[in-house]
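Under the heading signal peptide, Swiss-Prot lists 1-18. The N-linked glycosylation site annotation in Swiss-Prot covers 69, 114. What Swiss-Prot lists as disulfide bond is 136-201, 179-229, 189-231, and the listing cites similarity to another entry.
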């Protein structure tokens, strides 16, 4: 609306300056020519048409001035294709226990959006039965201070730590999983035959939709986050002789 306002003001000023002023600061002549009014009206109509017909941006969010406080249209979060079970917008830190309730992002008291089942999230997963062990040990946490990330094109982008929705500040959390130790045992991964295999644990990644900024415009982008810990195997070279 700010661009439309400035456009209308500019058109109005051009229309005024097009007519000469007398010393008494009164427009000279009896009336403004009809052709001039027609041209001015046409300019206003064109500006209004462009404002209404302009394609909607990916999301209705802009940076106000030089601040980092970004206001987001709550309808944005109703697009299910943008949801990810590893991304959460919340006004408070999410619980990390196995009996945690589902975390929803509610706007205006209406039906919740960004609904995902996170009750299974825990920092010590998975749960094994007696005698069972994980090849690699992993740890999972909700990350709330992510400021930069690598997008799907390999470029570094700025991640929005928080957004303003209906005058409420929501933090953007990422549920990340990584290896606790690259070598849970001296030989590498647990349970691997070290006589024939070299092994080590490594963190793997996936891409999730997250709110980022570029040129003072907020937008959804795929960014890379840590999501699992796996064991990498290399066969040992056979000894000759």
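Note: Cβ is positioned from N, Cα and C throughout, glycine not excepted.
Taking the Cα atom of each, residue 201 (disulfide bond) and residue 179 (disulfide bond) are about 7 angstrom apart.
Neighbour density at the Cβ, taken as the number of other Cβ atoms within 10 Å, is lowest among the disulfide-bonded residues 189, 201, 229, 231 for 231. Around the Cβ of residue 179 (disulfide bond), a 10 Å sphere holds 21 further Cβ atoms from the protein chains shown. Residues near residue 136 (disulfide bond) in space but far in sequence (CB under 8 A, at least 6 apart, same chain), listed by position: 179, 184, 189, 190, 201, 229, 230, 231.
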